[in-house]
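*Asks:* Straight from TrEMBL, here's the annotation block:
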COMPBIAS  38-49  compositional bias 'Polar residues'
REGION    38-74  region 'Disordered'
COMPBIAS  50-63  compositional bias 'Basic and acidic residues'
TRANSMEM  116-137  transmembrane segment
TRANSMEM  157-176  transmembrane segment
TRANSMEM  188-210  transmembrane segment
TRANSMEM  216-234  transmembrane segment
TRANSMEM  303-321  transmembrane segment
TRANSMEM  351-373  transmembrane segment
TRANSMEM  422-442  transmembrane segment
ACT_SITE  HIS435  active site
TRANSMEM  448-467  transmembrane segment
TRANSMEM  479-499  transmembrane segment
Amino acid sequence: MAISDVPETAGTTATVTATAVGSESDLDLSSLRRRHSATSGFDSLNGNSNEEHDKDRSKKQHADNATIHNHTADKDNQERVTDVKFTYRPCVPVHRRIKESPLSSDNIFRQSHAGLFNLCIVVLVAVNSRLIIENLMKYGWLIKYGFWFSSKSLRDWPLFMCCLSLAIFPLAAFLVEKFAYQKCISEPVVVLLHIIITTTAFFYPVLVILRCDSAFVSGAILMLLTCIVWLKLVSYAHTNSDIRALIVSNEKGEAFPNNFNMEYPYNVSFKSLTYFMAAPTLCYQPSYPRTPSVRKGWVFRQLIKLIIFTGVMGFIIEQYMNPIVQNSQHPLKGNILYASERVLKLSVPNVYVWLCMFYCFFHLWLNILAELLRFGDREFYKDWWNAKTVEEYWRMWNMPVHKWMVRHIYFPCIRNGLPKPAATLIAFLVSAVFHELCIAIPCHMFKLWAFIGIMFQVPLVLITNYLQNKYRNSMVGNMIFWFIFCIFGQPMCVLLYYHDLMNRKGELD
């Protein structure tokens, strides 16, 4: 047995060493480990490898894990059986809380209606597809290529040249600001020069349109560009003048509010003016938030959408609106019932065209322009379709114009001592003038229908605000807005301008 004494001695020595170094638990573990080695060595001397012992241990561990897993599964099955056994027993109460129906007046606006929205889209597509097929079967293809291109448009080259020459006025405004920055001219002279530049920039295209017998679309596009350039020039001059005024106040030692912070220094840069004239904004500032890169694939997809929705808009105008308007009478000179029927019949395609116009211009085109210029602030509109008052609609539907009005018309009036109702009235007056000019000048006539329509919004603002304050958490104001603005107002203006334009052409002929 001398051979077997060697492992035992080694085991004893290892045990003593472990006791000296470690704790009592370490002693036990070390002893077990050494004794296992001794046994393994004894087995190896007898021709048995330790692999069989490891296999036995592995099998034992798998058996233990299987036992634990079976125990957990049995416990889960027991809990499920318990749940099934005691869930919805007759003695368990079913009604525990006060709940409202999803479509009740108190709960309807807290629910998601995505499924109903999808249903409305499917129904609209199905119904309008049937109407389109029926219209084509009954009237045939009514679209004339003159809607897209007319030989008369070739005679509108003076308007195109006038459009190109509009770039002269921002350059003139830049030179004035550069002289003012270098203190070569006084502040009153700067104001006078900017008044001359902005006035010329507006009336020069107006005279070109009135002197040329141009198409309505060409004149309307030039007037739209003219108004944009005029609004940008006013913002450019007003902003730089305000920066100079703040610098003078600071030099005099006047204190500014703590929350007031000028984020950029005063600097007249031609690069900043060029970017501003191309950017989708009407409010000037020397620098804008910028995106890191241009998404070329995204721009391409938006361009495809723009082409598709522009085609849809042209199809609705030519196939539906033109026949309705041509077969109508003057709404203020004929039978009231007949005029009402024409207005209501025109209202549905008019709403479609107006929504397509909004989507094409405010969403697609402005976002495409912003992406190409890496313009960061793309809040071109808010959820105006949820507006509960007419005032909310005008604050949310056209954000570039709204921000310009607030910055350069409304708050300057407030700072000069005017009450808020007067400042609001002035803002609506400016908007009404521009709406009338953008329609009346291309039509070569002034009937003031657009002006009256915009100024009529002022009493509607008061009425819808009163209803919203009286019937809170209701959509009465939203319904009034949709009916007055889209169902009645726009179709009526279309009929009025069409018949007045036809009467003018008849008189000229």
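Yeah, the Cβs are placed from backbone N, Cα and C, and that goes for glycine too.
What you are looking at is a predicted structure, and each value in this text was computed from that prediction instead of being measured.
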*Asks:* Who sits close to HIS435 (active site): which same-chain residues at least 6 apart have their Cβ under 8 Å from its Cβ?
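*Replies:* In sequence order, the residues whose Cβ lies under 8 Å from that of HIS435 (active site) (at least 6 apart) are ALA450, PHE451, GLY453, ILE454.
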*Asks:* Please indicate, using numbers and ranges, the residues of the same chain that are 6 or more beyond the transmembrane segment (303-321) and have a C-beta under 8 Å from a C-beta there.
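*Replies:* Counting only partners 6 or more residues beyond its ends, the transmembrane segment (303-321) has Cβ contacts under 8 Å with 132, 135, 139, 142-144, 147-148, 346, 349-350, 352-353, 356-357, 359-360, 364-365, 368, 494.
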*Asks:* By a Cβ-Cβ criterion of under 8 Å, what residues six or more beyond either terminus of the transmembrane segment (351-373) are in contact with it?
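*Replies:* Apart from its flanks, the transmembrane segment (351-373) reaches 275, 278-280, 291, 294-295, 298-299, 302-303, 305-306, 309-310, 312-313, 316-317, 321, 380-381, 397-398, 400, 486-487, 490.
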*Asks:* Looking only at residues six or more beyond either end of the transmembrane segment (157-176), which have a C-beta under 8 A from one in the stretch?
*Replies:* 185, 190, 193-194, 197-198, 200-201, 204-205, 208-209, 211-212, 214, 218-219, 221-222, 225-226, 229, 232-233, 236-237, 268, 270, 273-274, 277
*Asks:* Hey, would you say the transmembrane segment (188-210) packs against the transmembrane segment (422-442), going by three or more CB pairs under 8 A that are 6+ residues apart?
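*Replies:* By the criterion, they touch.
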